[in-house]
Every structure is written in C-alpha cells, then in structure tokens.
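Some features that TrEMBL has for this protein:
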DOMAIN    9-444  domain 'Major facilitator superfamily (MFS) profile'
TRANSMEM  57-81  transmembrane segment
TRANSMEM  141-160  transmembrane segment
TRANSMEM  172-193  transmembrane segment
TRANSMEM  259-279  transmembrane segment
TRANSMEM  294-316  transmembrane segment
TRANSMEM  323-345  transmembrane segment
TRANSMEM  351-378  transmembrane segment
TRANSMEM  390-410  transmembrane segment
TRANSMEM  416-440  transmembrane segment
C-alpha cells in the first residue's frame, strides 16, 4: 500500500464519504431550531403557524430529501465516470456541494424553508455520485476506508452540534453549510493526483498516461505487468456484453447472488441505523435523558462509531466479510430489542435510561463494524464484470430508497408504535443475519467461479 494510493483514497473519502456521514447526522441536533424556523416562516406567510402533523411532515421531507437526491446521483455515476473520468466527475460533484451550502446558509436570511430542502437534495445528489472502487489485493481494507470516513462525518456533525459550538439557534444555517469546507479541500487537492490508471487505459486507451499514473500510485517504474493485465482486461471487456438491470433480474444463473445483494443492501438501511442517526436526540429524549446531557451522549455515541469502524477496517482481511456481517446484524438486533425494553421500563426503573444509551451505542457499533461497508464490497465480489454495473445499480437504488423510507416514516412510526417501533428494526436485523448465515458464502480471496460454484 503506497503513500499516493492511500492519499488519494483518503482524499476522496474525506470529500465524499465524510460529507455523506455529516449530512446523515447534521439534521439531528438543530431539529428544534429548524422546525421553529419553518413554523415562524409559515406564520409570516399565511398568518398562522403549522399544526404538529404538517410540521412533522415538512421536517421529515427535509431529512429524507437527501436520500432522494442520493438516488438520482447514484444513477448518474456510471455515465459521468465513463465520460469524464474519476477526478473530473468528482470535481463536478464537488461544485454541487458549494451550491447546496449557499442555499442552506442563506435560507434563514431569505426566509425560505424551500432553500433548506433544495440544499439537502443537492447534497444528496453529490453523495450519490461519489463512490470509490479499489482493485488491489487490499480491497477489503481500502473498501472499508470510506465507511470510516462516514463515521468521522457523523462524529463531526455531533461535535459541531454541541451548544458550545454551532448548536445554538442562531448558528444552524452555518451548521448545515459547513459541508463546503471538506468539498473545497477536495476540489483544491484532487488535481494534484493523476487520473485513474484503469480509466485512462481501458476507457481512453491512453497507455502512456496510464503508465505514468501507475508509476505514481505504485511507487515503482516497473508497472509493465500491471499494464499487461489491464490490456487483457480491456480486450476481455470489449467482447463482453454488459447486462441491463432487467436482464440481471431475469438471469437464473445469478439469482441467488442478486437476491443476496437485495437482502443485504435493503437490510443495511432498514436496520434502523438511519433512524438513530437522523433522530438521535429525539430517541435519547424519549428514553428520559436530561436535555442538557443529550448532546454529550450523542458525541459519546459518535466516538464509539469511529472506534468500531476502525476495528472492522483492520480485521476484515483477517476475519472475512461474512463473520463481520453476521456479528454486526446480530449485535444490532439484540441492542434494538434492548432499546425497546429500556423505553418500556424507564417509568418504573429510572436507571433504564442508561441501558437505552448503551443499546443505542451498541446498535451503532454493530453497524459500523460490518454492515456499514461490507455490502458494497460483496456486491463487487459476487458478480463478473458483465453483471457488476447492473448489480451496483440495484444495490445502490435500494440503499437510497430504503434510506428515504426510514428518514420519512420514522417520526410517524414512533408516534404510532411508541417503544415497539424498534422491534421492527430488530426483526429485520436478525432475519438478515440468518440469511447471511444460511445463504451467503465467504468471498475473501475467492474468484467469481468459486463463489458461483458455492451458490450453485
């Protein structure tokens, strides 16, 4: 693992994955202030405030429109990278973040809740368009690096949301628009690195450019073997017909692989982790945590996220993908059941509120250790090149659709089901863990033909 390769991985993750994590959690702490702004603006426009139901609906739209933008962005990834290359595609996406930051930063001054919603949608498009692939023998390690930055993004939002920093009412527009900082850093530094060697050779047929880029990334002038492998891949790809999403869904030879992608990617979002990230303060408040202590409990949760993500990143090559998935989903299921129990018993046993905090932390830690990043790796490892783009479209679309669903319906689910709403997520986690245990093989150090034979 050379320094240039690690540097470009960290840079892309800093400006993309970290922004994704930040935008997941940034709407948590200023929720009260944003709702108050919506209510005040509505009163100024129409002479009366919003009722609790419509206000919850409007705020849920603000939270979940990020996911709708992500769905649109994910569908554009392949076209943009193929046309412009990785660096240019990322640069164009970063410009969107600067636009979104302007919308959200000036929304209160202009009295426009619509600008907040539009800004959230645009940041979602950026997050959906930014993805990083790795083709080295350290793909397990490097593949989970973006998940570490997602955790760091969540943690950054939790720290900046403290009352001593940007957690006050007057700072929430600035809090939302902080996204322009990592985006600007990425935009300035990305041009210091060469374009993807694979893109240069396979898509542009630029052997000279690919050779120079490989020399820089690998830190050695002897890259002819790698160039030869890429040329062989280029020749094989020219004779391979890429399947469409519809063809993938109808292909019986990979039906179990396709079903596995559906189950794992949908389960990752329906596990309830987005509900916890979007509405951590509300969950802690319902658990009986004093309001003055909630921001610090949230930061403590973020610290555990980062530690758990690092553990998963440095153990995936040793333990493999399958154990991390099973352990992560089982831990989440148990902790989500614990949240339900703590909410039900907190009136008779006041100390149960602290059990609730531990269970929230356990849920997040279980997610970050495996389910946060492993599904994306497994999607690549379960298919050949001809089926892989369609599989990524299926998995990515399900991710964003389920993310939107949870972000939009969770407040209403919590109002109607109360403490029992977490049992829904508990059931999803345990069922996904059971599916992985019964169906999905270990993919570490296995070729597609070996994996296909195991499925058969």
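Placement of Cβ uses the backbone N, Cα and C atoms for every residue, glycine included.
Just so you know, TrEMBL annotations are computer predictions that nobody has curated.
Beyond the ends of the transmembrane segment (390-410), by six or more residues, the same chain brings 60-61, 63-64, 66-68, 70-71, 74-75, 77-78, 124, 128, 242-245, 247-249, 257-258, 261-262, 264-266, 268-270, 272, 274-275, 278-279, 375-376, 379-380, 382-383, 421 to within a C-beta distance below 8 angstroms of the stretch. For the transmembrane segment (57-81), same-chain residues at least 6 beyond its ends with a Cβ under 8 Å from one of its own Cβ atoms are 23-24, 27, 31, 34-35, 38, 50, 89, 92-93, 113, 116-117, 120-131, 199, 278, 389, 392-393, 396-397, 399-401, 403-405, 407-412.
Mean pLDDT, taken over the domain 'Major facilitator superfamily (MFS) profile' (9-444), works out to 81 on the 0 to 100 scale.
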